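Visitor: Pasting a structure below so you can have a look.
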Amino acid sequence: MPVNDRQPKYKRILLKLSGEALQGSNDFGIDPGVLDRMALEIGQLVGIGVQVGIVIGGGNLFRGAELSAAGLDRVTGDHMGMLATVMNALAMRDALERSNINTRVMSSIPMSGVVEHYDHRRAMRHLSEGDVVIFSAGTGNPFFTTDSAACLRGIEVDVDAVLKATKVDGVYDKDPVKHSDAVKFEHLTYDEVLDRKLGVMDLTAICLVRDQNMPLRVFNMNKPGALLSVVVGSNEGTLVSGGQQ
Ligand SMILES: Nc1ncnc2c1ncn2[C@@H]1O[C@H](COP(=O)(O)OP(=O)(O)OP(=O)(O)O)[C@@H](O)[C@H]1O
Ligand SMILES: O=c1ccn([C@@H]2O[C@H](COP(=O)(O)O)[C@@H](O)[C@H]2O)c(=O)[nH]1
């Protein structure tokens, strides 16, 4: 079926992209090929009228907890992690704009002359006008993650769902990267994720979506077409929501 004939289930989404996945097969940094592929897939959503907000992690560059384990001050490390997400956002904007997709980057940390400072009402306006908005620098505060930032911004700008694109194809009963016998869930409630301490997303983020009853879907960003599939309502990955499906 041609892409433009597909009706989106969600009018506005917040897409959380793993920073680590941006490095592709490298150990560090950004693989331009991954960015271009993501731009293509995001362009398909824009093409069917979906309003797209994005939060990108920083795990391909710096994570505060890892820097702290190596001896740096934790708050300094977290600031470096948040700045890493701004670099990823700039690279993603570049890829999107090369695909002719109008894109704004907003930062929770003021960075005049580089990107816009995050402003909730301005972000809503950009989204309504069809621009992709990348929310960078996390929440602006140390000791948080970009998963929490994604859920927070998603709730603030009133998206219909938070979509976490990651390296695994859903939420399992244990980390599938470490356990070959891990079993995938099709659906979980927020409380099941919290009670079982399922590590795919940090628990602060899960509390945020639970308190606002915001649907969350976790799916594999390396599976071609999976993003569009989620947005048109397919049962891709794992749905985390308030009730049984
Ligand atoms: N129960 C679980 N189900 C699925 N994945 C799990 C689970 N527990 C741990 N994980 C791990 O969580 C990882 C998700 O991390 P991901 O890299 O997407 O997030 P991140 O840390 O927010 O991003 P970044 O790479 O930017 O730091 C998966 O790759 C998987 O190995
Ligand atoms: O609100 C936030 C968000 C992120 N950080 C720091 O950035 C890195 C990268 O984010 P990931 O979610 O791990 O990809 C994170 O490890 C923190 O050090 C932050 O301090 N506050």
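Backbone N, Cα and C atoms are what each Cβ position is placed from, and that goes for glycine too.
Keep in mind it's a predicted model, so treat the numbers as computed, not measured.
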Visitor: Of the candidates Gly53, Gly58, Gly130, Gly170, which does TrEMBL annotate as part of the UMP site that also includes Asp78, Thr139, Gly140, Asn141, Pro142, Phe143, Phe144, Thr145, Thr146?
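Guide: The one candidate that TrEMBL places in that UMP site: Gly58.
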Visitor: Which number gives the other C-beta atoms within 10 angstroms of the C-beta of Lys16 (ATP binding site), all protein chains shown included?
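Guide: Counting Cβ neighbours of Lys16 (ATP binding site) within 10 Å gives 28.
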Visitor: If you measure from the Cα of Thr139 (UMP binding site), which of the binding-site residues Lys16, Ser18, Thr166, Asp175 is the nearest?
Guide: Lys16
Visitor: Measure from the CA atom of Lys16 (ATP binding site) to the CA atom of Gly58 (UMP binding site) and give the result in Å, rounded to a whole number.
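Guide: Given the Cα positions, Gly58 (UMP binding site) is 11 Å from Lys16 (ATP binding site).
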Visitor: Can you figure out which of Asn141, Phe143, Thr145 (the binding-site residues) comes closest in space to Gly59 (ATP binding site), comparing Cα atoms?
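Guide: The smallest Cα gap between Gly59 (ATP binding site) and any of the binding-site residues is with Thr145.
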Visitor: Under 6 Å from ligand 1 by Cβ, which binding-site residues from Lys16, Ser18, Gly59, Asn141, Thr166, Asp175?
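Guide: Only Ser18, Gly59, Thr166, Asp175 meet the Cβ criterion.
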Visitor: If you draw a 10 Å sphere on the Cβ of Thr145 (UMP binding site), how many other Cβ atoms land inside?
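Guide: The answer is 22.
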